[in-house]
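So the structure is just underneath, and the comments pick up after that.
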Amino acid sequence: MTEPAIRLHNSKTRRKEAFTPIDAENIRLYLCGPTVYDRAHLGNARPVVVIDVLYRLLREVYGPECVTYVRNFTDVDDKINASAQARKEAGAIETLEELIRQRTEETIGWYHADMDALGALRPTHEPRATDFIGAMIAMIEDLIAKGHAYEKEGHVLFRVRSYKDYGALSGRSVDDMIAGARVEVAPFKEDPMDFVLWKPSDADLPGWESPWGRGRPGWHIECSAMSYELLGASFDIHAGGIDLQFPHHENEIAQSCCAHPEGGFANVWLHNEMLQVEGKKMSKSLGNFFTVRDLLDQGIPGEVIRFVFLQTHYGKPMDWTAEKARQAEVTLRKWYRIAEQGLDGVSEPYIAVISALSDDLNTAEAIAQCHQLAHADDISTLRATLQFLGLMGRSVPEWASAPEADLSGLATKLAALRTTAMETKDFAPVDAMKTALLAAGVEVRMSKAGVELLPGAGFDAAKLEGL
RNA sequence: GGCGGGUUGGCGGAGAGGUUACGCAGCGGAUUGCAAAUCCGUGAAGACCGGUUCGAUUCCGGUACCCGCCUCCA
């Protein structure tokens, strides 16, 4: 009862609600993970960072051993197939399956590296869809047996009309959507809204044997099967981008609730809003499409990217701009300079930050509270809080730590120059040296007490030659 | 066409029916040979039109504009 109550905005009820775990000893969280065909773009990173904050908060409040976090890898997908086929046509000697495996392995490695750089903790489980084909087939068979799905021309389809609450999550009705007439009309569908659980694969595509012939699963079934296997028929929180609300999450609910009517599937649905870039949607056609790796390669540290994400509440559209990244770096450097002092003090994360996050992950308020800590010069609490927020590890990140350099000799020389200048009234030599130091990325602090030289952001020891 | 989100001071971005958000930038001051850094102080807002209220930027309705989804993209 001492910990602050967590409140979350539940997309299912469209309200902010007190979070009550099903089992406080094992809080279960599921996030729809990436399709592993290419580097994660910046938008892919937003839900990961958002849920990482939630994961850290839950671990803090309920205990690190009491949270199970699952994030899947979708490694069966037509884009992956296309990429493997392209390599095959380019002359690769491996089999299609081998090429697919290579591609997904490689992409998962990239994904881990990129998300690690953003300070996101690894989930408890990271299931791959291809390791759960059996569970998916079993679930589909069950759905057919219960009358919620049917086989037609090698496909298995979910019978949307058999689930009365279909559309409840996203506030749509089947009839309205059909009236919108944007649904794919396929001859083998009983109803235009029915969606694919299983589809046939020809020889050029990866496939698994099934009661309906060689084929592969539809997209939605994997999350239903894996969440059931790893978290059970009922779990606490299901998260993802708002663009997944329909149809993906709606279909997950339909499948899971029909297959396991004894469970309620996810209690809380958490959806993050979309990311924009300089005020526009990120898209390849606009030329503003980039990956997390692109930013890291440009020298923008992962902590800076994370900080920019945290400035905006997850439920609002977030705009990525170069200016925000610049300001974030300035702020982080300032905080790090404070946090790295006196590494002796051990402390807990600031309670006001825990409270802020408990209020539907108010990360902007958490940052405001960090400013207060910095202002109050509460070194150990600031450090513990930054670590808690994933903005720093055990120590200050390398990019922000002061480069190793002994500038005491130069400081003495500058001090002497100034003393002389005070008498001669000719400050030109002092200013010249100061300018040179600044050009080398050295911060020059001159006070009555003396001269202090600090290697700064763009420090370049080579430029100090001759001083 | 249907469903959903947004619109806050120069910029970014929160909370709260009536009291300073916070950060960056600006301005004034302390300090400095001058700066930088630091510290102190300070101006500045709530897309538009109505309604509820003693009082709304905060609640309700409408308008405008922006964005997302409805086409297996987070």
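Cβ coordinates come from backbone N, Cα and C, glycine included.
Curation does not apply to TrEMBL; its annotations are automatic.
Range annotated as motif ''HIGH' region' by TrEMBL, chosen from A:34-44, A:100-110, A:243-253: A:34-44. Check TrEMBL against the ranges A:121-125, A:171-175, A:206-210, A:281-285 and you find motif ''KMSKS' region' recorded for A:281-285.
According to TrEMBL, A:Cys32, A:His248, A:Glu252 bind Zn(2+); the candidate from A:Cys66, A:Cys223 that the record adds to this site is A:Cys223. Taking the C-alpha positions, the distance from A:Glu252 (Zn(2+) binding site) to A:Lys284 (ATP binding site) comes to 29 Å.
Counting only same-chain residues six or more apart in sequence, the Cβ atoms lying under 8 angstroms from the Cβ of A:His248 (Zn(2+) binding site) belong to A:Cys32, A:Trp219, A:His220, A:Cys223, A:Gly240.
Note: the Zn(2+) site is recorded as A:Cys32, A:Cys223, A:His248, A:Glu252; in the same chain, A:Trp219, A:His220, A:Glu222, A:Ser224, A:His238, A:Gly240, A:Leu244, A:His249, A:Asn251 also have Cβ atoms within 8 Å of that site's Cβ centroid.
Under DSSP, the residues of the domain 'Cysteinyl-tRNA synthetase class Ia DALR' (A:352-400) split into helix, strand and coil as follows: 34 helix, 1 strand, 14 coil.
DSSP places the residues of the motif ''HIGH' region' (A:34-44) in helix, strand and coil in these numbers: 3 helix, 2 strand, 6 coil.
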